[in-house]
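Reading through the C-alpha coordinates given below for one structure.
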Amino acid sequence: MCKALPRLRSRARFAYGHGHLPPMVRGVSVIRFDSVSKVYPKQNHPALRDVTLEVEKGEFIFLVGSSGSGKSTFLRLILREERASHGQVHVLGKDLARLSNWKVPQMRRQLGTVFQDFRLLPNKTVAENVAFAQEVIGKSKGEIRKSVPQVLDLVGLGGKEERMPGELSGGEQQRVAIARAFVNRPKLLIADEPTGNLDPQTSVGIMKLLDRINRTGTTVVMATHDQNIVDQMRKRVIELEKGRLVRDQARGVYGYQH
Amino acid sequence: MRAQFVLSEIGVGLRRNLTMTFAVIVSVALSLALFGGSLLMSDQVSSMKGYWYDKVNVSVFLCNKSDAESDPNCAKGAVTGDQKKQILADLKKMDSVVEKVTYESADEAYKHYKEQFGDSPLASSLTPDQMQESYRIKLKDPEKYQVIATAFDGRDGVQSVQDQKGILDNLFELLNLMNRAALGVMALMLIVALLLIVNTVRVSAFSRRRETGIMRLVGASGFYIQAPFIMEAAVAGAIGGGLACVFLILGRYFTIDHGMALSEKLNLITFLGWDAVLTKLPLILAASVLMPALAAFFALRKYLKV
(Lines of atoms letter the chains of each structure in order from A and count residues from 1; the text may use other names and numbers.)
(Lines give C-alpha, C1' and ligand atoms only; values in the text may rest on other atoms or scores of the structure.)
Protein backbone atom coordinates (compact mmCIF):
# COMPACT_ATOMS: atom_id res chain seq x y z
CA MET A 1 0.00 0.00 0.00
CA CYS A 2 2.88 2.34 0.74
CA LYS A 3 4.67 3.68 -2.20
CA ALA A 4 8.35 3.01 -2.00
CA LEU A 5 9.70 6.48 -1.83
CA PRO A 6 13.38 6.98 -1.24
CA ARG A 7 14.01 7.57 2.44
CA LEU A 8 15.66 10.91 2.69
CA ARG A 9 17.65 11.51 5.79
CA SER A 10 19.88 14.44 5.11
CA ARG A 11 18.86 17.36 7.25
CA ALA A 12 21.10 19.66 5.27
CA ARG A 13 18.98 19.03 2.26
CA PHE A 14 15.62 19.06 3.88
CA ALA A 15 15.82 21.35 6.87
CA TYR A 16 14.35 24.06 4.70
CA GLY A 17 13.01 21.55 2.34
CA HIS A 18 9.91 23.54 1.92
CA GLY A 19 12.24 25.58 -0.10
CA HIS A 20 11.55 29.11 -0.81
CA LEU A 21 11.97 30.67 2.64
CA PRO A 22 15.49 31.36 3.79
CA PRO A 23 16.01 31.25 7.54
CA MET A 24 16.90 34.94 7.72
CA VAL A 25 13.39 36.03 6.87
CA ARG A 26 11.65 36.59 10.15
CA GLY A 27 8.17 37.55 11.16
CA VAL A 28 6.48 35.69 8.33
CA SER A 29 6.88 32.28 9.88
CA VAL A 30 4.27 30.98 12.25
CA ILE A 31 6.62 28.44 13.81
CA ARG A 32 10.39 28.54 13.76
CA PHE A 33 12.65 25.98 15.42
CA ASP A 34 16.37 26.79 15.54
CA SER A 35 18.43 23.73 16.54
CA VAL A 36 15.92 22.83 19.18
CA SER A 37 16.67 20.01 21.60
CA LYS A 38 14.61 18.88 24.53
CA VAL A 39 15.85 16.67 27.30
CA TYR A 40 13.37 15.81 30.01
CA PRO A 41 14.72 15.79 33.55
CA LYS A 42 16.24 12.48 34.66
CA GLN A 43 16.36 11.11 31.14
CA ASN A 44 19.45 10.38 29.15
CA HIS A 45 18.05 10.44 25.65
CA PRO A 46 16.71 13.70 24.35
CA ALA A 47 13.10 13.67 23.23
CA LEU A 48 14.01 16.12 20.49
CA ARG A 49 17.47 16.60 18.99
CA ASP A 50 18.65 19.58 17.08
CA VAL A 51 15.46 20.19 15.15
CA THR A 52 15.44 23.13 12.78
CA LEU A 53 12.44 23.99 10.68
CA GLU A 54 10.12 26.74 9.73
CA VAL A 55 6.38 26.82 9.11
CA GLU A 56 4.85 29.62 7.15
CA LYS A 57 1.52 31.28 7.57
CA GLY A 58 -1.28 29.34 5.92
CA GLU A 59 0.58 26.03 5.65
CA PHE A 60 -0.91 22.63 6.44
CA ILE A 61 1.60 20.30 7.99
CA PHE A 62 1.52 16.65 8.91
CA LEU A 63 3.79 15.59 11.70
CA VAL A 64 4.49 11.89 11.46
CA GLY A 65 6.67 9.38 13.24
CA SER A 66 6.25 6.35 15.44
CA SER A 67 5.29 6.62 19.07
CA GLY A 68 8.09 8.11 21.10
CA SER A 69 9.61 9.83 18.10
CA GLY A 70 9.11 13.25 19.65
CA LYS A 71 5.86 14.39 18.04
CA SER A 72 4.20 15.19 21.33
CA THR A 73 7.26 17.03 22.60
CA PHE A 74 7.29 19.02 19.38
CA LEU A 75 3.68 20.09 19.94
CA ARG A 76 4.21 20.75 23.64
CA LEU A 77 7.09 23.07 22.81
CA ILE A 78 4.86 25.04 20.45
CA LEU A 79 2.17 25.31 23.15
CA ARG A 80 4.89 26.21 25.65
CA GLU A 81 3.83 23.41 27.91
CA GLU A 82 7.53 22.66 27.87
CA ARG A 83 10.56 24.80 27.24
CA ALA A 84 13.38 23.86 24.91
CA SER A 85 16.60 22.68 26.56
CA HIS A 86 18.67 24.09 23.70
CA GLY A 87 17.90 26.21 20.70
CA GLN A 88 15.10 28.64 20.12
CA VAL A 89 11.41 28.18 19.50
CA HIS A 90 9.56 31.04 17.89
CA VAL A 91 5.78 30.89 17.62
CA LEU A 92 3.89 33.70 15.89
CA GLY A 93 7.06 35.78 15.99
CA LYS A 94 7.64 35.39 19.73
CA ASP A 95 10.68 33.76 21.26
CA LEU A 96 9.03 31.40 23.72
CA ALA A 97 12.12 31.21 25.91
CA ARG A 98 11.88 34.93 26.53
CA LEU A 99 8.12 35.01 26.95
CA SER A 100 7.35 35.60 30.61
CA ASN A 101 4.88 33.28 32.28
CA TRP A 102 2.11 35.80 32.59
CA LYS A 103 2.21 36.50 28.87
CA VAL A 104 1.78 32.85 27.94
CA PRO A 105 -2.06 32.96 28.12
CA GLN A 106 -2.08 35.84 25.63
CA MET A 107 0.07 33.78 23.28
CA ARG A 108 -2.14 30.71 23.68
CA ARG A 109 -5.22 32.70 22.74
CA GLN A 110 -3.81 32.78 19.23
CA LEU A 111 -3.51 29.00 19.13
CA GLY A 112 -6.22 26.37 18.88
CA THR A 113 -5.70 22.82 20.04
CA VAL A 114 -7.51 19.60 19.22
CA PHE A 115 -6.79 16.20 20.76
CA GLN A 116 -7.42 12.58 19.99
CA ASP A 117 -9.68 12.27 23.04
CA PHE A 118 -11.74 15.41 22.26
CA ARG A 119 -11.49 16.72 25.86
CA LEU A 120 -15.02 18.06 26.00
CA LEU A 121 -16.75 18.90 29.26
CA PRO A 122 -19.37 16.16 29.67
CA ASN A 123 -21.76 18.23 31.77
CA LYS A 124 -21.99 21.12 29.36
CA THR A 125 -23.96 21.24 26.13
CA VAL A 126 -22.30 21.54 22.74
CA ALA A 127 -22.86 25.29 22.67
CA GLU A 128 -21.64 25.68 26.26
CA ASN A 129 -18.51 23.70 25.51
CA VAL A 130 -17.67 26.05 22.68
CA ALA A 131 -18.68 29.12 24.66
CA PHE A 132 -16.43 27.99 27.52
CA ALA A 133 -13.35 28.79 25.44
CA GLN A 134 -14.59 32.36 25.12
CA GLU A 135 -15.96 32.79 28.62
CA VAL A 136 -12.67 31.94 30.27
CA ILE A 137 -10.79 34.54 28.32
CA GLY A 138 -13.38 37.14 29.21
CA LYS A 139 -15.22 37.62 25.93
CA SER A 140 -18.49 39.50 26.20
CA LYS A 141 -21.82 37.72 26.22
CA GLY A 142 -22.86 39.40 22.99
CA GLU A 143 -19.74 38.28 21.24
CA ILE A 144 -20.21 34.71 22.45
CA ARG A 145 -23.85 34.68 21.35
CA LYS A 146 -22.75 35.72 17.90
CA SER A 147 -19.68 33.58 17.33
CA VAL A 148 -20.78 30.25 18.82
CA PRO A 149 -23.59 29.51 16.32
CA GLN A 150 -21.34 30.73 13.54
CA VAL A 151 -18.54 28.34 14.33
CA LEU A 152 -20.96 25.47 14.98
CA ASP A 153 -22.39 26.04 11.51
CA LEU A 154 -18.88 26.03 10.11
CA VAL A 155 -18.10 22.60 11.61
CA GLY A 156 -21.47 21.25 10.48
CA LEU A 157 -23.16 21.03 13.86
CA GLY A 158 -25.84 23.65 13.27
CA GLY A 159 -28.98 22.58 15.14
CA LYS A 160 -27.13 20.46 17.70
CA GLU A 161 -26.27 23.31 20.05
CA GLU A 162 -28.23 21.92 23.01
CA ARG A 163 -27.05 18.32 22.76
CA MET A 164 -24.75 16.89 25.40
CA PRO A 165 -21.39 15.51 24.23
CA GLY A 166 -22.39 12.03 25.38
CA GLU A 167 -25.25 11.99 22.88
CA LEU A 168 -22.96 12.65 19.94
CA SER A 169 -20.91 10.31 17.78
CA GLY A 170 -17.13 10.45 17.98
CA GLY A 171 -16.90 12.43 14.78
CA GLU A 172 -19.42 14.94 16.02
CA GLN A 173 -17.59 15.26 19.34
CA GLN A 174 -14.38 15.98 17.48
CA ARG A 175 -16.24 18.63 15.49
CA VAL A 176 -17.27 20.24 18.76
CA ALA A 177 -13.65 20.18 19.88
CA ILE A 178 -12.58 21.76 16.61
CA ALA A 179 -15.29 24.39 16.97
CA ARG A 180 -13.98 25.17 20.45
CA ALA A 181 -10.42 25.39 19.16
CA PHE A 182 -11.44 27.62 16.29
CA VAL A 183 -14.02 29.88 17.93
CA ASN A 184 -11.39 32.42 18.97
CA ARG A 185 -10.08 32.45 15.38
CA PRO A 186 -6.56 31.27 16.16
CA LYS A 187 -3.71 31.86 13.75
CA LEU A 188 -2.39 28.36 14.35
CA LEU A 189 -4.37 25.18 14.90
CA ILE A 190 -2.58 22.27 16.51
CA ALA A 191 -4.18 18.86 16.15
CA ASP A 192 -2.73 15.92 18.03
CA GLU A 193 -4.01 12.81 16.23
CA PRO A 194 -7.50 14.24 15.78
CA THR A 195 -8.65 11.19 13.83
CA GLY A 196 -6.98 8.65 16.11
CA ASN A 197 -10.26 7.51 17.63
CA LEU A 198 -12.39 7.72 14.50
CA ASP A 199 -13.25 5.36 11.69
CA PRO A 200 -11.87 6.13 8.23
CA GLN A 201 -15.07 7.66 6.84
CA THR A 202 -15.54 9.95 9.80
CA SER A 203 -11.87 10.84 9.60
CA VAL A 204 -12.30 12.04 6.05
CA GLY A 205 -15.02 14.40 7.22
CA ILE A 206 -12.75 15.77 9.95
CA MET A 207 -9.93 16.25 7.45
CA LYS A 208 -12.23 18.15 5.11
CA LEU A 209 -13.14 20.38 8.01
CA LEU A 210 -9.49 20.98 8.93
CA ASP A 211 -8.77 21.72 5.27
CA ARG A 212 -11.60 24.24 5.23
CA ILE A 213 -10.19 25.89 8.36
CA ASN A 214 -6.75 25.91 6.72
CA ARG A 215 -8.21 27.70 3.73
CA THR A 216 -9.37 30.56 5.95
CA GLY A 217 -5.68 31.29 6.45
CA THR A 218 -5.17 29.37 9.65
CA THR A 219 -1.95 27.39 9.81
CA VAL A 220 -2.58 23.78 10.76
CA VAL A 221 -0.07 21.41 12.33
CA MET A 222 -1.42 17.91 12.67
CA ALA A 223 0.34 14.98 14.28
CA THR A 224 -1.01 11.74 12.95
CA HIS A 225 -0.52 8.03 12.43
CA ASP A 226 -3.15 7.89 9.72
CA GLN A 227 -1.35 6.89 6.57
CA ASN A 228 -4.32 7.16 4.20
CA ILE A 229 -5.03 10.70 5.18
CA VAL A 230 -1.45 11.84 4.75
CA ASP A 231 -1.16 10.10 1.40
CA GLN A 232 -4.40 11.56 0.12
CA MET A 233 -3.94 15.14 1.23
CA ARG A 234 -0.46 15.58 -0.20
CA LYS A 235 0.58 18.29 2.17
CA ARG A 236 3.94 19.07 3.67
CA VAL A 237 5.12 16.17 5.82
CA ILE A 238 7.60 16.39 8.67
CA GLU A 239 8.86 13.11 10.00
CA LEU A 240 10.55 12.65 13.33
CA GLU A 241 12.50 9.60 14.36
CA LYS A 242 14.02 9.22 17.82
CA GLY A 243 13.82 12.95 18.24
CA ARG A 244 15.50 13.84 14.98
CA LEU A 245 13.95 15.51 12.01
CA VAL A 246 14.48 12.92 9.29
CA ARG A 247 12.21 14.20 6.56
CA ASP A 248 10.67 17.51 5.62
CA GLN A 249 8.94 17.16 2.35
CA ALA A 250 6.48 19.33 0.48
CA ARG A 251 3.50 17.32 -0.83
CA GLY A 252 4.75 14.25 0.97
CA VAL A 253 3.33 10.87 1.82
CA TYR A 254 3.36 8.99 5.07
CA GLY A 255 6.41 6.86 4.35
CA TYR A 256 7.01 3.27 3.39
CA GLN A 257 7.96 1.56 6.57
CA HIS A 258 4.48 1.30 7.95
CA MET B 1 -20.45 37.75 32.49
CA ARG B 2 -17.12 37.14 34.19
CA ALA B 3 -18.56 37.50 37.66
CA GLN B 4 -21.53 35.30 36.89
CA PHE B 5 -19.28 32.66 35.40
CA VAL B 6 -16.93 32.68 38.36
CA LEU B 7 -19.82 32.55 40.84
CA SER B 8 -21.41 29.55 39.19
CA GLU B 9 -18.04 27.79 39.17
CA ILE B 10 -17.69 28.41 42.91
CA GLY B 11 -21.13 26.99 43.63
CA VAL B 12 -20.38 23.87 41.62
CA GLY B 13 -17.03 23.44 43.34
CA LEU B 14 -18.40 23.79 46.86
CA ARG B 15 -21.23 21.35 46.25
CA ARG B 16 -18.92 18.82 44.66
CA ASN B 17 -16.80 18.80 47.79
CA LEU B 18 -19.61 19.04 50.28
CA THR B 19 -18.09 16.91 53.07
CA MET B 20 -14.74 18.59 52.78
CA THR B 21 -16.33 22.02 52.66
CA PHE B 22 -18.29 21.19 55.78
CA ALA B 23 -15.10 20.18 57.59
CA VAL B 24 -13.42 23.40 56.52
CA ILE B 25 -16.35 25.49 57.71
CA VAL B 26 -16.50 23.80 61.11
CA SER B 27 -12.79 23.98 61.77
CA VAL B 28 -12.57 27.61 60.69
CA ALA B 29 -15.60 28.42 62.85
CA LEU B 30 -14.19 26.71 65.93
CA SER B 31 -10.70 28.11 65.62
CA LEU B 32 -11.89 31.65 65.05
CA ALA B 33 -14.48 31.42 67.83
CA LEU B 34 -11.69 30.37 70.16
CA PHE B 35 -9.55 33.19 68.81
CA GLY B 36 -12.30 35.73 69.39
CA GLY B 37 -13.06 34.23 72.79
CA SER B 38 -9.50 34.53 73.96
CA LEU B 39 -9.24 38.06 72.61
CA LEU B 40 -12.32 38.95 74.65
CA MET B 41 -10.96 37.10 77.65
CA SER B 42 -7.71 39.05 77.62
CA ASP B 43 -9.67 42.27 77.17
CA GLN B 44 -11.76 41.27 80.14
CA VAL B 45 -8.70 40.55 82.23
CA SER B 46 -7.04 43.83 81.39
CA SER B 47 -10.19 45.81 82.03
CA MET B 48 -10.58 44.01 85.34
CA LYS B 49 -6.97 44.78 86.12
CA GLY B 50 -7.52 48.43 85.37
CA TYR B 51 -10.64 48.49 87.49
CA TRP B 52 -9.33 46.57 90.46
CA TYR B 53 -5.81 47.92 90.55
CA ASP B 54 -7.44 51.30 90.78
CA LYS B 55 -9.29 50.16 93.86
CA VAL B 56 -6.66 48.08 95.62
CA ASN B 57 -4.84 49.43 98.60
CA VAL B 58 -1.84 48.49 100.56
CA SER B 59 -2.96 48.19 104.13
CA VAL B 60 -0.73 48.75 107.08
CA PHE B 61 -2.49 46.98 109.93
CA LEU B 62 -1.71 48.25 113.39
CA CYS B 63 -1.54 46.16 116.53
CA ASN B 64 -4.51 46.15 118.87
CA LYS B 65 -4.73 44.84 122.39
CA SER B 66 -5.54 41.26 121.56
CA ASP B 67 -2.73 41.14 118.98
CA ALA B 68 -0.32 42.14 121.67
CA GLU B 69 -0.95 38.81 123.36
CA SER B 70 -1.09 36.52 120.35
CA ASP B 71 1.02 37.99 117.54
CA PRO B 72 4.84 38.02 117.82
CA ASN B 73 4.92 41.15 115.58
CA CYS B 74 3.00 42.96 118.29
CA ALA B 75 4.99 41.71 121.24
CA LYS B 76 5.69 45.29 122.31
CA GLY B 77 1.99 45.94 122.84
CA ALA B 78 -0.76 47.76 121.01
CA VAL B 79 0.09 50.68 118.82
CA THR B 80 0.54 54.01 120.56
CA GLY B 81 -0.51 57.45 119.44
CA ASP B 82 3.12 58.46 118.83
CA GLN B 83 3.76 55.44 116.68
CA LYS B 84 0.69 56.23 114.63
CA LYS B 85 1.81 59.82 114.12
CA GLN B 86 5.26 58.64 113.09
CA ILE B 87 3.83 56.18 110.56
CA LEU B 88 1.55 58.80 109.07
CA ALA B 89 4.38 61.32 108.87
CA ASP B 90 6.60 58.76 107.12
CA LEU B 91 3.85 57.92 104.68
CA LYS B 92 3.37 61.61 103.88
CA LYS B 93 7.08 61.85 103.10
CA MET B 94 6.83 59.05 100.56
CA ASP B 95 4.69 61.11 98.24
CA SER B 96 6.62 59.88 95.20
CA VAL B 97 4.82 56.55 95.46
CA VAL B 98 1.89 57.25 97.73
CA GLU B 99 -1.11 58.91 96.24
CA LYS B 100 -3.46 58.95 99.19
CA VAL B 101 -3.54 57.70 102.74
CA THR B 102 -6.72 57.07 104.64
CA TYR B 103 -6.99 56.04 108.21
CA GLU B 104 -9.49 53.38 109.16
CA SER B 105 -10.31 53.22 112.82
CA ALA B 106 -11.30 49.99 114.56
CA ASP B 107 -14.92 51.14 114.62
CA GLU B 108 -14.94 51.82 110.90
CA ALA B 109 -13.32 48.47 110.22
CA TYR B 110 -16.02 46.81 112.30
CA LYS B 111 -18.70 48.65 110.35
CA HIS B 112 -17.23 47.66 106.99
CA TYR B 113 -16.90 44.08 108.10
CA LYS B 114 -20.51 44.00 109.19
CA GLU B 115 -21.58 45.47 105.86
CA GLN B 116 -19.69 42.89 103.90
CA PHE B 117 -20.31 39.74 105.87
CA GLY B 118 -23.50 40.84 107.62
CA ASP B 119 -25.13 37.89 109.27
CA SER B 120 -22.35 35.35 109.32
CA PRO B 121 -21.82 33.74 112.77
CA LEU B 122 -18.28 35.05 112.89
CA ALA B 123 -19.50 38.63 112.36
CA SER B 124 -22.01 38.41 115.18
CA SER B 125 -19.36 37.28 117.68
CA LEU B 126 -17.05 40.10 116.68
CA THR B 127 -16.64 43.26 118.70
CA PRO B 128 -15.18 46.58 117.55
CA ASP B 129 -12.17 46.35 119.82
CA GLN B 130 -11.13 43.12 118.16
CA MET B 131 -10.76 44.95 114.86
CA GLN B 132 -7.49 46.54 113.85
CA GLU B 133 -6.86 50.13 113.03
CA SER B 134 -5.13 50.52 109.71
CA TYR B 135 -3.74 52.92 107.20
CA ARG B 136 -5.11 52.33 103.73
CA ILE B 137 -2.57 53.50 101.22
CA LYS B 138 -3.36 54.07 97.61
CA LEU B 139 -0.26 53.86 95.47
CA LYS B 140 0.48 55.86 92.38
CA ASP B 141 1.78 52.68 90.79
CA PRO B 142 0.28 49.48 92.21
CA GLU B 143 3.53 47.63 91.38
CA LYS B 144 5.45 49.65 94.02
CA TYR B 145 4.07 47.72 96.95
CA GLN B 146 7.51 46.58 98.01
CA VAL B 147 8.55 50.11 99.01
CA ILE B 148 5.84 50.29 101.63
CA ALA B 149 6.48 46.77 102.81
CA THR B 150 10.19 47.36 103.48
CA ALA B 151 9.49 50.68 105.17
CA PHE B 152 6.85 49.48 107.62
CA ASP B 153 7.06 45.71 107.99
CA GLY B 154 8.41 44.84 111.41
CA ARG B 155 8.15 48.35 112.79
CA ASP B 156 6.82 48.70 116.31
CA GLY B 157 3.05 48.88 116.41
CA VAL B 158 2.66 47.46 112.91
CA GLN B 159 1.09 44.03 112.81
CA SER B 160 1.43 43.46 109.08
CA VAL B 161 1.59 45.10 105.68
CA GLN B 162 -0.83 43.57 103.23
CA ASP B 163 -0.96 44.03 99.49
CA GLN B 164 -4.38 43.32 98.06
CA LYS B 165 -2.89 43.27 94.59
CA GLY B 166 -1.06 40.08 95.46
CA ILE B 167 -4.37 38.32 95.95
CA LEU B 168 -5.73 39.64 92.66
CA ASP B 169 -2.58 38.72 90.80
CA ASN B 170 -3.16 35.07 91.53
CA LEU B 171 -6.60 35.34 90.01
CA PHE B 172 -5.33 37.16 86.94
CA GLU B 173 -2.56 34.63 86.56
CA LEU B 174 -5.15 31.89 86.43
CA LEU B 175 -7.23 33.76 83.88
CA ASN B 176 -4.16 34.41 81.72
CA LEU B 177 -3.25 30.76 81.89
CA MET B 178 -6.72 29.77 80.72
CA ASN B 179 -6.39 32.32 77.97
CA ARG B 180 -3.10 30.91 76.81
CA ALA B 181 -4.56 27.41 76.80
CA ALA B 182 -7.43 28.65 74.64
CA LEU B 183 -4.93 30.27 72.26
CA GLY B 184 -3.03 27.01 72.06
CA VAL B 185 -6.16 25.07 71.15
CA MET B 186 -6.98 27.80 68.65
CA ALA B 187 -3.57 27.47 67.01
CA LEU B 188 -4.07 23.73 66.65
CA MET B 189 -7.55 24.18 65.21
CA LEU B 190 -6.21 26.77 62.84
CA ILE B 191 -3.52 24.43 61.58
CA VAL B 192 -6.17 21.75 61.10
CA ALA B 193 -8.33 24.24 59.22
CA LEU B 194 -5.51 25.33 56.94
CA LEU B 195 -4.43 21.76 56.20
CA LEU B 196 -8.03 20.89 55.39
CA ILE B 197 -8.19 23.82 53.01
CA VAL B 198 -4.99 22.77 51.29
CA ASN B 199 -6.37 19.27 50.90
CA THR B 200 -9.74 20.52 49.68
CA VAL B 201 -8.04 22.63 47.07
CA ARG B 202 -5.97 19.69 45.98
CA VAL B 203 -9.02 17.47 45.56
CA SER B 204 -10.90 20.29 43.89
CA ALA B 205 -8.08 20.99 41.46
CA PHE B 206 -7.83 17.30 40.66
CA SER B 207 -11.54 16.87 40.04
CA ARG B 208 -11.52 19.90 37.79
CA ARG B 209 -8.32 19.19 35.91
CA ARG B 210 -10.29 18.75 32.68
CA GLU B 211 -11.74 22.25 32.91
CA THR B 212 -8.49 23.84 34.00
CA GLY B 213 -6.63 22.00 31.27
CA ILE B 214 -8.95 23.44 28.64
CA MET B 215 -8.75 26.87 30.24
CA ARG B 216 -5.00 26.74 30.02
CA LEU B 217 -5.07 25.69 26.38
CA VAL B 218 -7.42 28.41 25.23
CA GLY B 219 -5.35 30.99 27.06
CA ALA B 220 -7.30 31.81 30.20
CA SER B 221 -5.18 33.90 32.51
CA GLY B 222 -3.73 32.43 35.67
CA PHE B 223 -6.05 34.60 37.72
CA TYR B 224 -9.07 33.33 35.85
CA ILE B 225 -8.09 29.72 36.39
CA GLN B 226 -7.23 30.15 40.07
CA ALA B 227 -9.98 32.54 41.09
CA PRO B 228 -12.72 29.90 41.48
CA PHE B 229 -10.55 27.80 43.80
CA ILE B 230 -9.46 30.76 45.91
CA MET B 231 -13.00 32.09 46.05
CA GLU B 232 -14.24 28.66 47.06
CA ALA B 233 -11.88 28.61 50.01
CA ALA B 234 -12.75 32.22 50.84
CA VAL B 235 -16.50 31.52 50.75
CA ALA B 236 -16.16 28.42 52.93
CA GLY B 237 -13.96 30.45 55.28
CA ALA B 238 -16.44 33.31 55.37
CA ILE B 239 -19.24 30.93 56.33
CA GLY B 240 -17.01 29.57 59.08
CA GLY B 241 -16.17 33.11 60.17
CA GLY B 242 -19.86 34.00 60.24
CA LEU B 243 -20.51 30.98 62.44
CA ALA B 244 -17.63 32.00 64.72
CA CYS B 245 -19.26 35.43 65.12
CA VAL B 246 -22.56 33.78 66.00
CA PHE B 247 -20.77 31.55 68.54
CA LEU B 248 -19.21 34.61 70.17
CA ILE B 249 -22.47 36.51 70.38
CA LEU B 250 -24.30 33.47 71.74
CA GLY B 251 -21.37 32.82 74.05
CA ARG B 252 -21.59 36.23 75.60
CA TYR B 253 -25.37 36.09 75.74
CA PHE B 254 -25.52 32.74 77.53
CA THR B 255 -22.58 33.12 79.91
CA ILE B 256 -23.01 36.72 80.94
CA ASP B 257 -26.51 37.93 80.29
CA HIS B 258 -28.69 34.86 80.45
CA GLY B 259 -28.18 31.18 81.00
CA MET B 260 -25.25 31.20 83.41
CA ALA B 261 -26.04 34.87 84.07
CA LEU B 262 -22.60 35.65 85.45
CA SER B 263 -23.30 39.36 85.44
CA GLU B 264 -25.85 38.83 88.23
CA LYS B 265 -23.95 36.20 90.16
CA LEU B 266 -20.61 37.94 90.02
CA ASN B 267 -21.74 41.51 90.38
CA LEU B 268 -18.35 42.58 91.69
CA ILE B 269 -16.95 42.14 88.19
CA THR B 270 -17.83 44.51 85.40
CA PHE B 271 -18.08 42.40 82.29
CA LEU B 272 -17.20 43.59 78.84
CA GLY B 273 -20.03 45.23 77.00
CA TRP B 274 -21.51 44.24 73.66
CA ASP B 275 -19.37 46.86 71.94
CA ALA B 276 -16.24 44.88 72.86
CA VAL B 277 -17.76 41.78 71.26
CA LEU B 278 -18.94 43.64 68.17
CA THR B 279 -15.57 45.25 67.52
CA LYS B 280 -13.99 41.79 67.35
CA LEU B 281 -16.38 40.58 64.65
CA PRO B 282 -14.88 42.44 61.65
CA LEU B 283 -11.44 41.15 62.63
CA ILE B 284 -12.73 37.59 62.76
CA LEU B 285 -14.56 37.91 59.44
CA ALA B 286 -11.50 39.37 57.74
CA ALA B 287 -9.31 36.57 59.10
CA SER B 288 -11.88 33.97 58.05
CA VAL B 289 -11.73 35.16 54.44
CA LEU B 290 -8.06 36.01 54.10
CA MET B 291 -6.45 33.00 55.72
CA PRO B 292 -8.27 30.35 53.66
CA ALA B 293 -7.75 32.40 50.50
CA LEU B 294 -4.03 32.58 51.17
CA ALA B 295 -3.87 28.89 52.02
CA ALA B 296 -5.69 28.10 48.78
CA PHE B 297 -3.37 30.36 46.82
CA PHE B 298 -0.28 28.60 48.08
CA ALA B 299 -1.87 25.17 47.63
CA LEU B 300 -2.66 26.04 44.00
CA ARG B 301 0.95 26.88 43.26
CA LYS B 302 1.69 23.30 44.08
CA TYR B 303 -1.31 21.45 42.72
CA LEU B 304 -2.48 23.49 39.74
CA LYS B 305 -0.26 24.20 36.80
CA VAL B 306 -1.12 27.47 35.17
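Just so you know, glycine gets a Cβ as well, placed from its N, Cα and C.
Heads up, TrEMBL stuff is auto-annotated, nobody curated it.
Residues or ranges marked as domain 'FtsX extracellular' in TrEMBL: B:56-161.
The average per-residue pLDDT of the prediction over the domain 'ABC3 transporter permease C-terminal' (B:185-302) is 87, rounded to a whole number. The feature domain 'ABC3 transporter permease C-terminal' is assigned by TrEMBL to B:185-302.
For B:21-41 (among others), the entry in TrEMBL reads transmembrane segment. Within the chain carrying the transmembrane segment (B:21-41), a Cβ under 8 angstroms from the stretch's Cβ atoms is held by residues 14, 175, 178-179, 182-183, 185-186, 189-190, 192-193, 196-197, 200, 232-233, 236-237, 239-241, 243-245, 247-248, 251-252, 272, 276-277, 280-281, 283-284, 287-288, 291-292, all 6 or more beyond its ends.
Under the heading transmembrane segment, TrEMBL lists B:181-201 (among others).
TrEMBL lists B:222-250 (among others) with the feature transmembrane segment.
TrEMBL lists B:281-300 (among others) with the feature transmembrane segment.
Break the domain 'FtsX extracellular' (B:56-161) down by DSSP state and the numbers are 52 helix, 22 strand, 32 coil.
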